[in-house]
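Heads up, the thing below is written out as C-alpha cells.
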Amino acid sequence: MGKVLILFLFVLLLITFINCTNNKILNNENSSNEDNVINVFLIPHSHCDLGWVQTLEEYYSENVTVILDNVINTLIKDSSKKFNWAEIYYFETWWNEQSSFLQAQVRNLVNNGQLYFVGGGWAQNDEGATHYQAVINQMTLGHQFLLSEFGVVPEIGWQIDPFGPSTLTATLFSLMGFKYHVINRIDERIKYIYNDTPDIVGSGWMTTDRSFEFQWYPSHNDQELSIFTHVLDHHYNSPYLIYPNASNPNQSLTTGFDFESDPTQNPPINQSNIYERAAVFVEIMQQRSQLYRHNNLLIPFGNDFRFQNASLEFDNMDKLITYINSNSSWGVTIQYATLNEYFEKVESIEPPVEYADIVGQDLFVYTMCLASDYQAFNTCANWWSGYYTSYPLLKQTARDSDSLLRVGEMLYSLSCFYSNGFDFDFNIGFYALSMHRNVSGILTHHDAITGTAKEYVRVNYFQMLNEAQSLTLDYNIPDFVGFLLSNKSLNIDYQSNGSSILNSTNPGDIIAISFTNSIAWDRIETVSIEIPFVNMAVYDYQLNPIQSQIVQRFDKSNNWYLYFQVATPALGISTYFIVILSTDGEILNDNSKNLPTPIQSILSISNELLFNDNDDETTTTTIGNSNFNLNFKFDRDNNNLLTLNSYDDLFNNKIGIPISQHLIEYTSLSDDAYKFRVQGLPIPLTPINPQFYLTIGPVVQIVTIIYNNNCSQSYLIYNDTTSFNPFETDNDNNNNSRLIKNDQYFEIDNIVASGWDKEISMKFTTNINNQNIFYTNNGLEIMKRQWEIHWNDTFIWSEITSNFYPMINTGYIVDQQVSDYQQQLTILSKQTFGASSQTNGEFEVLLIRRSNYTQWSVHEPMNDTSNPSLRVLCIFGDPNFSNEIRTPHSILFENPLQPVYSLIPNSIPIEKYIDTYNTLFKPLQTSLPYNLHLLTFTKQWIDSPSIIMRLINIYEIGQSINFSKSINFNIGSGDNNNNNNNNNNNGFLTHYNISQIIETTLSANSELSNPTNNLVITLEPLEIKTFLLTLSPKQ
C-alpha cells in the first residue's frame, strides 16, 4: 500500500534530521563509519500489492506482467543487473504462462544470483489481523513453489509494507530458517527525531542509538529464537531528499531517483546534470550512513509496481553508478545487489558489530507522521489501530474460510491414503483444495484482510472467498465424508446445504448429519442447526436418543434453531440422525419402528421481558448452569435497557460478582480504514424501542437484547448434557472431555451495524484491579499491554486510539495483586478486533466502524454497511483455571464441527443404512492431550505420498500448572506418556502406515533430520515442529 512520497513529508522543517544525526552520531567515539568508504547495496525491487486500489487480476494483467517481462529481458541481456522479487503468487502465475525456453533462462538467472527471491510467500502478509495458520499456509505455498521449480530456500524476510511488525512474524520466520528480516512501518517517532517539538521526548531513538538494525528475540517462550532485523530508514522507495523551499518556508521540496515517477522531481540523468545529481545521491548516502554502526547501506531502488520500464530505471542508475564509482573522492561505491549480498557483507565485518537486542516486544501501534497532522496538532496523531477491526465481515469470512480449508485439508489427506475398496477420483478435490489454499494466501495480503482496499477490490476478495468456499462445501467435504464413511456402498448423497433438505421434509423423514472434527482432540460440544418449525428427535451415531432443544431466535429474523450436543472422535466423523415426528411425537416411518423411543426436542418458548415501573433495583433475570449464573437488571439510565449486572460463581460459592457489559459508540473525527481517530470519549449506545427475550431449556439458555432493527446482543449459556466421552479407551490418560466443556463459558452474539461516523464497541466493566494492564495475543503468544500516554500526546483521541492493540483471538484483564479471590475476564473471538482497557477494571472490543471521511490514498470513505453476527466467548473467574482452558477453547471456537446432510430414503430401514454406511470414522488411536495440537495434516502435492504434519505445544511458559510443560510424543506409536521404548510402529493413526518421518523447517522446505520410521519428539511450551510423513493405507 503506498505510498505517495509527498504525503510522508518527513520535512526538514519538522525533522531536523541532518543536524541531529551529525551532532549526535558523528561525535560517537564508537562510530565505525568515520573515514570509511560507504558501500551502497542498491536493491532493485518492485512492491506489487495483491490488490489495493485495483484488483489483483487488474494489477497482474496491467502491471505485473509488464514488470516481469521487462525485468527478465533486461537481466538476460545484462549479467550485471540484479533484481529482488517478493510476491510469489504473481510470479507463479506469470511463470506458468511462459515457454519452457524462457523458464530455462529464468532458472539460469536464479542460479547465477541475478534474480533473488525475498520472503518467498504468496504475499507480504498483514501482521495485525492475520492468523498464524494462514501465515504458515501462504508462506508454505510460496516456499514449496520455489523449492520445486528452482531448488531455492528463502532465508530473508521482506515485510516492507505491513502496518506494524508483530513478534509472530519474526517467530515464524525464524522457524522457517530465516537468518535476516527487513521491516519498515513502525511508529515514525521511533525512527526520526522531532526536535522542533520538545514535547516529543525520546523521539528518534533509532537514529540516536543507530539501532535501525537489531537482534530480535521475538518469543517470550523461546529465548534462543532470534532473527537479525533491519528497519528501512526511509521507506522502500528509491532514494530521495527533502529540503526547505527557500521561497515558501511552510513548504518543502523533494528530489529523488524514482525515474518512473514525476520527472520534475526525479529528473533523468544526462551529461548536463550528472554532477548535480551525483552530489544529491552522495549527500543522501552520507546522511543515511550515520544511522548504522558500519559503513554498508541497504538502499531500496524501486517502489509500487516500478520497473515496468526497466530499461529507464537501470539506464539512469547505470550513469550514476559509473560516475560515482569512477571518482573515489566521493567516498561512495555503489553496486546492484540482491538482499543476501548486503547481509553477508554485514555479517562478515571484523571485528563483529555489536547490535541492540529487542526481546519479546512487537512494534505496534504504527503511526504515520503526515505534515498536515503535524502542522495541525504539533504531533503525529495518526494511529493506525483502526484496521484491526475495519470491515469485520471480511475478517470473519476469511477466518471462517480458513477453518473450512482446514476441514478440507484433513479430509483430503485422510481420504487419499484410506483403503475401503472403492475407486475415487481425487483430482477434482485437489483442484478445489488448491484454489482454496491460493485464496487463503491472497487474503493474508496487507491490504486484503485489513479492509484497507477500495470497495470494488474488497468485493472482489469476497467473490474469491465465496468461490473457494463453495467448491470446498459443494465437492470436497461432502464427497470425502461420503468416501470415508462408506462401508458396503459409496455414499454420494451428502450435501453441505442442510436447509434445502430440512425445509422439504415430512413427518417420518430421517436426515443423517455427519459432523467432521478437524481437531485431533475428542470433542463433546453443543451445535445449532437452522430448521423449519417441526417436531423432531435426535439420535446419535449408535442410535441412542439424545436431548435436544428447539429455540426461536428473535435476533436472527425469528428463525428456529435446533440445539443438541455432539460427540466426535479426534480428527474424525460422527453421524447423528434427525427424525421428523408427527404432531403427537410419534415416528411415522414404518421402516424405522425399531428405533428406541425418541426424546422429543424441547420447544423453548422465548418469553418477552417487559420493564415495569414498579420493578425495584433487586428485580433480576437470571440464566445459568451448574457452574455459574448471569444476572441481568433493567438500566433506568439507558432507556430501561436490560443489562448484564453480575455473575454468580457457583463452583466457588461467590455470589453477585460485579460485571456488566454495554455496547458503546464513538463518534468519528476523521477515521478511515487505517487509522482510528475519534472525537472523544464514547457514550452508551441508546436503544430504540428495545425488546428483551428469555429462553430457558435443558441444552441452552438465552437472554436476547434487541436495541433496534439492526443491533442486538444475545447471551447464551450451555448445559453439559453428556456425562462421559464415548471415545475414551482404557489406555487413554488424556481425559480431555472432562477438562474442556461448553458449560465453562458464556457466549455473546453481537449483531451490529454502524451509522455514518459511528464506531461500536463492547465494553465490559468489572471490579478487577488490572492497574491499566491488559493482554492481547498475536495469534500464538499473549502480549502484555499497558495503557499509557505515548510521546506526550494528550489529545483525547490519541489517548484512546494509541492504546488499542490487535486481538487476533484472545484478550483479557486480570487482577494484578494476589488476593483470596483473584479474577480474570477472558474474551475469545473468531476474528481479529482492536481491543483495549481504557479504564481500570474495563475491557473493550471494537466491533464495527463506519466513517464519512475520505481517505487520501484510496479516495473513498470507510462505508461499511454490513450487519454481521460477531460472536465472542467469555470466561470469567479464577485466573489459573481461565488460563488453563482458554487456549483449547479458542482453537475449538475457531474450528467448529462441519456438518454435511443426507436424506435417508423412506424405503431404507435405518438398520440397513448404518450397515451400508459407517456412522463413525476414527482415524487416531487416541485423542491427543490438550496441550498438543495437530496444527497441520496436509497432502501438499497430488502425486506425493507425503503429508506435511505440524504439531504445537499450545501452552506458554507459566500459563498452566498442569499443561505448561514439555511433551514427549512418539509419532510412530502415538504414545505421549514418555514411553520411549516402543519400537513397534503401529502408528498413532488407525488406518495408515507411517513408513518414513523427516523433521523439517516450518514451511517444509529444508530437512532437519535423517529419515526414520519411528520418532520420539519433545515439544517445549509453545514449540512448533514440522514433519514430512510418508503414508500408505493399512490393508
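Keep in mind that glycine also has a Cβ here, set from the backbone N, Cα and C atoms.
What Swiss-Prot records for Asp161 is active site, nucleophile. Taken from Swiss-Prot, the feature Zn(2+) binding site applies to His47, Asp49, Asp161, His446. Feature annotation from Swiss-Prot assigns N-linked glycosylation site to Asn63, Asn245, Asn250, Asn309, Asn327, Asn438, Asn487, Asn503, Asn719, Asn880, Asn962, Asn993 (among others). Per Swiss-Prot, the feature signal peptide maps to 1-20; the stated evidence is sequence analysis.
Sequence features annotated in Swiss-Prot and their locations in the structure.
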{"residue": "Asn245", "record": "N-linked glycosylation site", "Cβ contacts under 8 Å, 6 or more apart": "Gln251, Ser252, Leu253"}
{"residue": "Asn327", "record": "N-linked glycosylation site", "Cβ contacts under 8 Å, 6 or more apart": "none"}
{"residue": "Asn503", "record": "N-linked glycosylation site", "Cβ contacts under 8 Å, 6 or more apart": "Pro532"}
{"residue": "Asn719", "record": "N-linked glycosylation site", "Cβ contacts under 8 Å, 6 or more apart": "Asn625, Ser626, Pro698, Val699, Val700, Gln701, Asp743"}
{"residue": "Asn880", "record": "N-linked glycosylation site", "Cβ contacts under 8 Å, 6 or more apart": "Ser960, Ile961"}
{"residue": "Asn962", "record": "N-linked glycosylation site", "Cβ contacts under 8 Å, 6 or more apart": "Glu884"}
Argmin Cα dist to Asn487 (N-linked glycosylation site) over the recorded positions His47, Asp49, Asn309, Asn993 returns Asn993
Here the Cα-Cα span from Asn993 (N-linked glycosylation site) to Asn438 (N-linked glycosylation site), rounded to a whole number of angstrom, reaches 30
Across all protein chains shown, the one of the glycosylation sites Asn63, Asn309 with the most other Cβ atoms within 10 Å of its Cβ is Asn63
By a 10 Å Cβ neighbour count, the lowest-scoring of the binding-site residues His47, His446 is His47
Whole-number Å distance separating the Cα atoms of His446 (Zn(2+) binding site) and the residue listed as 'active site, nucleophile' is 7
Between the C-alpha atoms of His47 (Zn(2+) binding site) and Asp161 (active site, nucleophile), the distance in angstrom, to the nearest integer, is 9
Asp49 (Zn(2+) binding site) -> DSSP, reduced to three states, gives coil
The rounded CA-CA distance in Å from Asn63 (N-linked glycosylation site) to Asp49 (Zn(2+) binding site) is 11
Cβ atoms other than its own within 10 Å of the Cβ of Asn993 (N-linked glycosylation site), all chains, total 16
Within 10 A of the CB of Asn487 (N-linked glycosylation site), the number of other CB atoms across every chain shown is 15
Ranked by how many other Cβ atoms lie within 10 Å of their Cβ, the recorded positions Asp49, Asp161 are led by Asp49
For Asp49 (Zn(2+) binding site) and Asp161 (active site, nucleophile), the CA-to-CA distance in whole Å is 9
Expressed in Å to no decimal places, the gap between the Cα atoms of Asp161 (active site, nucleophile) and Asn309 (N-linked glycosylation site) is 22
